[in-house]
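> Have a look at this one before I ask anything.
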Amino acid sequence: MALLAIHSWRWAAAAVAFEKHKHSAVLTRSLVSICGSGLRWSSYQSGASGSARLSQTTESLRNSTQQRWEKNNSRQLLDASKVLQAWPLIEKRTCWHGHAGGGLHTDPKEGLKDVDTRKIIKAMLSYVWPKDRPDLRARVAISLGFLGGAKAMNIVVPFMFKYAVDSLNQMSGNMLNLSDAPNTVATMATAVLIGYGVSRAGAAFFNEVRNAVFGKVAQNSIRRIAKNVFLHLHNLDLGFHLSRQTGALSKAIDRGTRGISFVLSALVFNLLPIVFEMTLVSSVLYYKCGAQFALVTLGTLGAYTAFTVAVTRWRTRFRIEMNKADNDAGNAAIDSLLNYETVKYFNNEKYEAQRYDGFLKTYETASLKSTSTLAMLNFGQSAIFSVGLTAIMVLASQGIVAGALTVGDLVMVNGLLFQLSLPLNFLGTVYRETRQALIDMNTLFTLLKVDTRIKDKAMASPLQITPQTATVAFDNVHFEYIEGQKVLSGVSFEVPAGKKVAIVGGSGSGKSTIVRLLFRFYEPQKGSIYLAGQNIQDVSLESLRRAVGVVPQDAVLFHNTIYYNLLYGNINASPEEVYAVAKLAGLHDAILRMPHGYDTQVGERGLKLSGGEKQRVAIARAILKDPPVILYDEATSSLDSITEETILGAMRDVVKHRTSIFIAHRLSTVVDADEIIVLSQGKVAERGTHYGLLANSSSIYSEMWHTQSTRIQNHDNLGWDAKKESLSKEEERKKLQEEIVNSVKGCGNCSC
């Protein structure tokens, strides 16, 4: 009995240690779960008016930030940022999907309302019992069989104790009289004790085999769910990703998959078996010892369960607060580390650390509440069980005194109850963790329910296109990111197959929006877009995006080798094809000069490469994709003139015999375009060739051209003035040197 009590105490201590370890591990993951930056394209065109409104709110942001530090409350940073113009605009976006739920963005007090336990478990069990995997179903059935065997062996163990004690004390009328013990030990007791050992070994064997058999089912289910969520996130539209923080999504998926692993084991091998074992024990006590024993046992178990459920539901709110603080801390860490250079530029290391520490402080507060209430829960559980055990032992003692029960019955009752204490202690832990895991899983399965606004029509046909038919046409296209703020208003134009067309205009005129609409990142509110004479909404997304290549303004590369990033344009390409496109983009020789050649790591987002090298990689992988249509979204706007001219040369070679659209800010890069389309206030204001547009001195294009030319000329004049000043100083220095030399001519002695 003492040994069983010690084991029970160790189990409770282990449960407490497990939860504390889990809490501390969450903080560590905030720093190490750094993932890709995801999509970074701007979600809307703010224009000059947006910039003006932004500058007007700078002072209010500064005041809000100062108050936040005075109150030492990290949450006020988010409140202060809401005064920025971008925040209300984002909240009004037509592509806004709302919050994911399950603690990702939820209010801690409302988080539990989003958890539909029945639907979550039903969705999870569809992965455990898949219709297309009879092998996994067989494993589940075998595991349940081993589970039943293990529980049966557990119930047999106390009976072995009972029979052993009764055999050793078979002299009726003399309680604990062991005068003939040597004879009984040699016969019945020895056999019973051997049976006791076999029963315990059998129970352990069944449990371990069950775990081994079910392991493949659990891991396969987790892998399939994680893969489906990952693929689903990639299938969601750009608007969803622009309204989500990558760090929060990553943590939600991580916690959700870990929650699935726990719930699978708890539900199949803990909760249901515990209920089965409690029912079996109560029935045994009823038939062997009487109704009083069964009633006390059921009362104890009922009080224990009710107390555990009530307190755990109360404690769950602290877990939701911990999740939210964990998300905020993770986002702060990821954003700060991804913007390492920006932090250094402004010497804001301490600011970032204090901001991060504010979120950790919130997490710490919620974690302390969770830990303290856990201690209260454990004490209450122990008190309830101790009262029930005491009552059962008193009843058993009275039965022995009355002659209705034997000493073996006392040992059996004690063993059955202590055997229940292990699953009961585990029941508390299982319920707490299951409840919390369901909250984590809710976010995961909620993500699976988010429907993308951009998807194929039913029975969408693949795009039929060749380089000879790759005509692009916009027909009266209207589009707005934010309701009531037009970005494109009735835009119509056509790009003939094999021609180069440039689209220019001021900031916020809708140039880059055309690229996103053609690639179907968004859908126009009105009008149609045609590629090769086919409405892009009627063809499959996969075939459409395979036919269009994009060289973005900011080429974000994977944290991998140069070869991997080049191969990404066509993962089935041969090494020779990769080398060929690198040569065409003028990148091959530069790669060979690197220490590791094509195996050189490019760093996070490709930051180890120069801007020109990143753009060449983007061009090369677009070539490797070999699409009939290529889009250049201001691909050289951030480069110097020499690098820009070199890359433009590579572009000219690429676009030969292809349909190409150049989104340009520098007009000098598109003077050779077959047609130039000028956008102004979301409309096609002008169109024509470079020289044709310049012929009209009052045209928008002509004004833009002369403005840029004047800026370049002034820059050149400043350079020439600096050069002349340098030359005049050099001439003055030479003249002075000649005077010094002439002054020492004479006898040849410097002292003359």
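Glycine too: its Cβ is placed from the backbone N, Cα and C atoms.
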> Do the topological domains in Swiss-Prot put SER283 and THR406 on a single side of the membrane?
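The record shows them together on one side of the membrane, with a shared topological domain name.
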> Please state which member of TYR481, TYR530 Swiss-Prot lists alongside GLY505, GLY506, SER507, GLY508, SER509, GLY510, LYS511, SER512, THR513, ILE514, VAL515, ARG516 for binding ATP.
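Of the residues offered, the record points to TYR481.
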> With respect to Swiss-Prot, which of the residues THR187, THR342, THR659 bears the note phosphothreonine?
THR342
> Can you check which of SER81, SER336, SER668 Swiss-Prot annotates as phosphoserine?
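Candidates were SER81, SER336, SER668; Swiss-Prot attaches phosphoserine to SER336.
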> Using the alpha carbons only, what distance in Å do you get between TYR340 (phosphotyrosine) and SER512 (ATP binding site) once rounded?
28
> CA-CA, which of the recorded positions ARG317, ARG319, SER336, PHE379, GLN381 lies nearest GLY508 (ATP binding site)?
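Nearest listed residue in space: SER336.
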> Here are some binding-site residues: ARG315, ARG317, ARG319, ARG516. Which one has the most Cβ atoms within 10 Å of its Cβ?
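Per the Cβ count, the most surrounded site is ARG319.
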> Cα of PHE379 (glutathione binding site) to Cα of TYR481 (ATP binding site): how many Å, rounded?
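So the alpha carbons of PHE379 (glutathione binding site) and TYR481 (ATP binding site) sit roughly 56 Å from each other.
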> Which site among TYR340, PHE379, TYR481 has the most other CB atoms no more than 10 Å from its CB, taking these as recorded positions?
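In terms of Cβ crowding, the pick is TYR481.
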> In this structure, which of the binding-site residues GLY506, GLY508, GLY510 has the fewest other Cβ atoms within 10 Å of its Cβ?
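Among the binding-site residues GLY506, GLY508, GLY510, the lowest count of other Cβ atoms within 10 Å belongs to GLY506.
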> What is the total of other Cβ atoms whose distance to the Cβ of SER336 (phosphoserine) is within 10 Å?
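A count of 18.
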> Going by Cα-Cα distance, which of the recorded positions (ARG315, SER336, GLN381) sits nearest to TYR481 (ATP binding site)?
SER336
> Check the Cα-Cα distances from ARG315 (glutathione binding site) to the binding-site residues GLY510, ILE514, ARG516 and tell me which is shortest.
ARG516
> Pop the Cα-Cα gap between SER336 (phosphoserine) and SER512 (ATP binding site) into the table, whole Å please.
28
